[in-house]
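Student: Pulled these features from Swiss-Prot for this protein:
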TRANSMEM  34-59  transmembrane segment
TRANSMEM  72-92  transmembrane segment
TRANSMEM  105-129  transmembrane segment
TRANSMEM  150-172  transmembrane segment
TRANSMEM  189-214  transmembrane segment
TRANSMEM  247-267  transmembrane segment
TRANSMEM  280-301  transmembrane segment
MOD_RES   Ser335  phosphoserine
MOD_RES   Ser336  phosphoserine
MOD_RES   Thr338  phosphothreonine
COMPBIAS  349-360  compositional bias 'Polar residues'
MOD_RES   Ser352  phosphoserine
Amino acid sequence: MAGCRELELTNGSNGGLEFNPMKEYMILSDAQQIAVAVLCTLMGLLSALENVAVLYLILSSQRLRRKPSYLFIGSLAGADFLASVIFACNFVIFHVFHGVDSRNIFLLKIGSVTMTFTASVGSLLLTAVDRYLCLCYPPTYKALVTRGRALVALGVMWVLSALISYLPLMGWTCCPSPCSELFPLIPNDYLLGWLLFIAILFSGIIYTYGYVLWKAHQHVASLAEHQDRQVPGIARMRLDVRLAKTLGLVMAVLLICWFPALALMGHSLVTTLSDKVKEAFAFCSMLCLVNSMINPIIYALRSGEIRSAAQHCLTGWKKYLQGLGSEGKEEAPKSSVTETEAEVKTTTGPGSRTPGCSNC
């Protein structure tokens, strides 16, 4: 409760406009602050660029936009992009520059970080369910998972993520409830509720992926039986196996990147944390940013359709740049006065058109 009294004194001094989220949360040394600034900046920029590239490839391809699977992947890329920008900026401002915000602005920032990471996990769950339906009900998959239903599922997931994440901004804060030792103004009971919600999402992902990977194993066995003869639908089976392995890799990366931070959050609910543990949590939190950075790499390396879209996009840009180069050569200055005078006589004759009009 001492933290609550400190908050009340701080907020009451200037109506909350000079709210400083407790110095006890700003525990990094100068060397650690430099490391956080460098790592967050580099990983945040790289992750943002990667996810923007994935979003652009999906949105610019009419074929990919029509497929529910890539709508879910696009949602994941969008959530990871927002997480990269919002988390990296706010993390550096808080731990490195010790930024001062009003109470509501601070809760808005931490709620935005929570929403983006929650939506990322939610998008991964929807992607897993999509693969589950594709492998378990292939004849009726297209009827079950339509583009409209995919958009509705994504809308519900994003709204639910936002609602849960912004509960502290809507009034669910600490004081008189016990404050979290890891997050200013966040009560332990809210943190417990959010951890339970994330645990449900992870349980769904693990169960779904386990079943998907088991089905993929069956498909591999089926491929081995028919490897010496052509079988209708064999290419589709190989696609499903490849996607299942990709999603299994994503799940493994997700658990490796998230488990340390989630474990320390749960540990903070039952015991008092030392500064060393809080410092460890600060760096473990950046593993979530690593997850956002790795996801698009996995898709780019393992999704043939996204690679094809990237090659098509690069070919288009190459032709465009070559066209600009050829236009520059055509507009090079004349080599002699006689050549220039001859062109002037030609363009000023009856019925002549200027170069600008000829392009219209």
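Here the Cβ of each residue, glycine as well, is placed from N, Cα and C on the backbone.
Can you tell me where each of these features sits in this structure?
Tutor: With a cut-off of 8 Å between Cβ atoms, the residues of this chain six or more beyond the transmembrane segment (72-92) that come close are 36-37, 40-41, 43-45, 47-48, 51-52, 54-55, 58-59, 109-110, 112-113, 116-117, 119-120, 122-124, 126-127, 130, 150, 154, 157-158, 285-286, 288-289, 291-293, 295-296, 299, 303.
Same-chain residues lying 6 or more positions outside the transmembrane segment (105-129) and placing a CB less than 8 Å from one of its CB atoms are 19, 21, 69, 72-73, 75-76, 79-80, 82-83, 86-87, 90, 150, 153-154, 157-158, 160-162, 164-169, 173, 183-186, 194, 197-198, 201-202, 204-205, 208-209, 212, 247, 250-251, 254, 258, 288, 291-292.
Using a Cβ-Cβ cut-off under 8 Å and counting only residues 6 or more beyond its ends in the same chain, the transmembrane segment (150-172) has close neighbours at 68, 71-72, 75, 104, 107-108, 110-112, 114-115, 118-119, 122-123, 125-126, 130, 185-187, 190, 194, 197.
Same-chain residues lying 6+ beyond the ends of the transmembrane segment (247-267) with a Cβ under 8 Å from its Cβ atoms: 121, 124, 127-128, 131, 182, 191, 195, 198, 202, 205-206, 209, 212-213, 216, 273, 277, 280-281, 284-285, 287-288, 290-291, 294-295, 298, 302.
Here the transmembrane segment (280-301) has long-range neighbours at 27-28, 32, 36, 39-40, 43-44, 46-47, 50-51, 53-54, 73, 76-77, 80-81, 83-84, 87-88, 91, 95, 117, 120, 182, 246, 249-250, 253-254, 256-258, 260-261, 264-265, 268, 273, 307, 310, meaning same-chain residues at least 6 beyond its ends whose C-beta is under 8 angstroms from one of its own.
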